[in-house]
Amino acid sequence: MSTMLIAVILLTLLALFFGVLLGFAALKFKVEGNPIVDELEAILPQTQCGQCGYPGCRPYAEAIANGDKVNKCPPGGTATMEKLASLMGVEPEPLNAEAQSQVKKVAYIREDECIGCTKCIQACPVDAIIGAGKLMHTVLTADCTGCDLCVEPCPVDCIDMLPVGQNLKNWNWRLNAIPVTLIQETPHEEKRG
């Protein structure tokens with residue numbers, strides 16, 4: 001047999017041996033994750049924005065599982081907070097003061113200054129920025145969560161975070177908060193004829 005064939009066979013056998021060894025080790029030393037953390041993470045919006053004070057949604061889910069409050073996710077809003085509270089069996093609370101006091105903002109790219117580097121596209125966790133290399137980029141404001149992660153990587157500083165103004169499309173009407181007075185109907189007397 002040639003030395004080349006022997007080397008190939010030997011390396012194949014070594015790769016097979018170490019593959020089986022790694023597979024066995026992966027099964028033997030598998031670390032089971034906390035299933036509640038996985039459920040909490042599935043509820044969170046996965047923007048990885050850090051507005052909750054944690055570096056991403058997974059660390060915040062782990063903190064909630066360890067007893068942290070469920071009202072720290074501004075992009076998720078009240079609906080996410082209520083789902084988290086029901087899963088954890090705690091009373092829903094209003095969003096924390098920081099989340100409520102923040103005016104919703106969206107990214108705005110000054111397109112005449114954009115060099116098309118795509119760094120903001122790569123940084124956006126929700127794919128709210130569209131564009132291509134060496135072409136200008138723009139933000140889909142309906143999809144932007146205002147996480148601010150696209151501002152820092154921009155080399156020409158052409159991204160601003162602008163507050164979203166109230167208009168008919170995004171106004172919070174609070175229809176369930178309008179006071180309604182129920183009037184009981186009194187029975188009418190039958191007409192005598």
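The backbone N, Cα and C atoms fix where each Cβ goes, and this holds for glycine too.
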Message: Looking at the [4Fe-4S] cluster 3 binding annotation from Swiss-Prot, with CYS144, CYS147, CYS150 already listed, which candidate in CYS117, CYS124 is the matching residue?
response: CYS124
Message: Please give me the binding-site residues out of CYS49, CYS57, CYS114, CYS117, CYS154 that lie within 10 Å of CYS147 ([4Fe-4S] cluster 3 binding site), comparing Cα atoms only.
response: CYS49
Query: the domain '4Fe-4S ferredoxin-type 2' (136-164): mean pLDDT?
result: 91
- prompt: Using C-alpha atoms, which one of the binding-site residues CYS49, CYS57, CYS73 comes nearest to CYS120 ([4Fe-4S] cluster 2 binding site)?
  reply: CYS49
